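As written in TrEMBL, here are the features:
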- 34-52: transmembrane segment (TRANSMEM)
- 39-545: domain 'Major facilitator superfamily (MFS) profile' (DOMAIN)
- 192-212: transmembrane segment (TRANSMEM)
- 218-238: transmembrane segment (TRANSMEM)
- 250-272: transmembrane segment (TRANSMEM)
- 278-298: transmembrane segment (TRANSMEM)
- 373-391: transmembrane segment (TRANSMEM)
- 403-424: transmembrane segment (TRANSMEM)
- 431-450: transmembrane segment (TRANSMEM)
- 456-480: transmembrane segment (TRANSMEM)
- 492-511: transmembrane segment (TRANSMEM)
- 517-540: transmembrane segment (TRANSMEM)
- 550-572: region 'Disordered' (REGION)
Amino acid sequence: MTQDQGEKSKAIITEEAYKEIVTNELERVGTGGLYVWSLFFICVLPNILNGFHVNSYTMLGHLPDDQWCEIDDLRAANWTNVQKRTIAHKDLTTKGCTIRDWDYKHLSSMSFEEAYNYTSMQADIETPNEISCKAKGIYHYAAPDSTFVANWDLVCDRAIQRTSAQVFVSLGKFLGSFTFGMISDKFGRKTSFTLGAAFFMISSIFCTFSPWYSLFLIGRFGLGAASSGLFYAAYAMLMENICLKHRSWMSLIFSGAYPIGMILLAIFAYLLDDNWRYLQLALTVPAMLLLLNCYIMNESPRWLITQKRFERAYKILFKKPSHYEIVKPAIEQSSIVADKKIEEPTITKGAQIRDGALKHIVELFATSKIRKLVFISYFMFCASSLTYYVTALNASNLAVSRYLYVIITGFVDLPSLLLPVLMLRFTGRRVATMTLFAFTGCALIMVMVVPQESTVWIVAFAMLGRFGITATYAVVTLYAAELFPTEIRGTALGTCSTWAHVGSISAPYAVDFLGPLGWYIPTTICGVVLLVASLLTLLLPETGTGKLTDRVEEVPSETSSNNESEEPTKIK
């Protein structure tokens, strides 16, 4: 058969009929089998990588275990390092940031006993000034290769630059979630995922081999931006193409990949403790698996349906070319020429903006029912992220090794994901979200009423808050993905993530500036904010028992759920 004959043999159907055929097949294959499991494992890997790099700061940028100032003029002296520190750091507690302004060239010609007696006698007369280590020496570290802090001397007056390594990841996530969200809706989930994978691999290489701290920060920024592109594209892909029966538990296992990444990070760090670049390389190599993911992954059929690209969606789902063709209405053909001069409306500037590059952003705020969903979701994400990072920073003061701390955090996060699984079995999304917000808020407010000397109870309630907020985050992400229609879901999730990173960037300031005013203030603020989020959840509709909406006009205007939507979500 020739190509022309093949084209003529295509069945002519309406657009609605074509959409129904493809949608029905998507719902069929989304119930299980190879399609579901292959899609699930492809989407899970990026979240494990997120667990690597977002938390790697704890391992790569820890403060040196021991730091002191090595005086240039004392290098030739036949003294031990302890003796040099005894003279230079006399009566100082600045950990080598400052030294006493002695005449070290003169002291180097003496024995240590002579120099010690001389400086003690001089100190009784007049204590010398305190000057910066850099004025007469260099910083010296124990195990300098184990942290990038020693690599670039990010201590003392440059200590704030050490924090930049984590801030740049959050800033990257802030920008990336917004940008990649729009790319996901405009050009497709796979396009967003592929761009994110490319940025992720390149940025990982920058972080591993960078000779300059500025380039290292660029790599950290790229990792943050790329992780957003990977996470939300993969999450939207999973939610859009998996049936309701699997959607809840798969989304929660998807979230569970993040703490698995944290646990693996701690194991790698323990094995490669001597050199931070080797650890960074160990975290970079698994990122190369994203090449295989990009090759195997297909575009989201549901997104293709919303773009009216039925033939491509048909080929993905049926594994063969489509033999259907959409019929064009006869009136359309006959009236094109006749009405051409009449139908040339002037395109206004507002219409160009509305239908152009900012189309999906405009649609987020175009109607009151969508605006309400958007603003409440923004607040929920910001509150969740603020609390997640505040609890992480407060818990880091525990007297445990960094390896043990990260592993404990990962193991605390893992069982916390089982709680929403059980809750979603018997309740809807709205009830589960509201309850978890309230539970976590109360746990963190309890920190305020515990006596300050009861460290065990303070830590217990703080970690209970950590447990609760991890569970809350998993449900909130699922809930938000179901609240918004397919055509703006990526943009909605991306901008929600942007507001989440407003919380993550604010968290260190809440801990560092408000914590000294009152040890209970950061957790109390988080507790109050979460209780407000719990009340706002009452204004949202239930989504757990209905199909995902595809278009903005399909979003129900009623926020109160009907009898059917009040039925508990069942996971079989």
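We count from 1, first residue shown onward.
A Cβ is built for glycine as well, from the same backbone N, Cα and C atoms used for every other residue.
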Express the predicted model's confidence over the domain 'Major facilitator superfamily (MFS) profile' (39-545) as a mean pLDDT, rounded to an integer. 80
Segment proximity, the transmembrane segment (250-272) to the transmembrane segment (431-450), 3 or more C-beta pairs under 8 Å: no
Okay, the transmembrane segment (373-391) and the transmembrane segment (492-511): do they have at least three CB pairs under 8 Å, pairs separated by 6 or more? yes
Highest-contact recorded stretch vs the transmembrane segment (373-391), from 192-212, 218-238, 278-298, 456-480, 517-540, CB pairs under 8 Å: 517-540
Are the transmembrane segment (403-424) and the transmembrane segment (517-540) close, by which I mean at least 3 Cβ pairs under 8 Å that are 6+ residues apart in sequence? no
Contact call for the transmembrane segment (278-298) against the transmembrane segment (517-540), three or more Cβ pairs under 8 Å: no
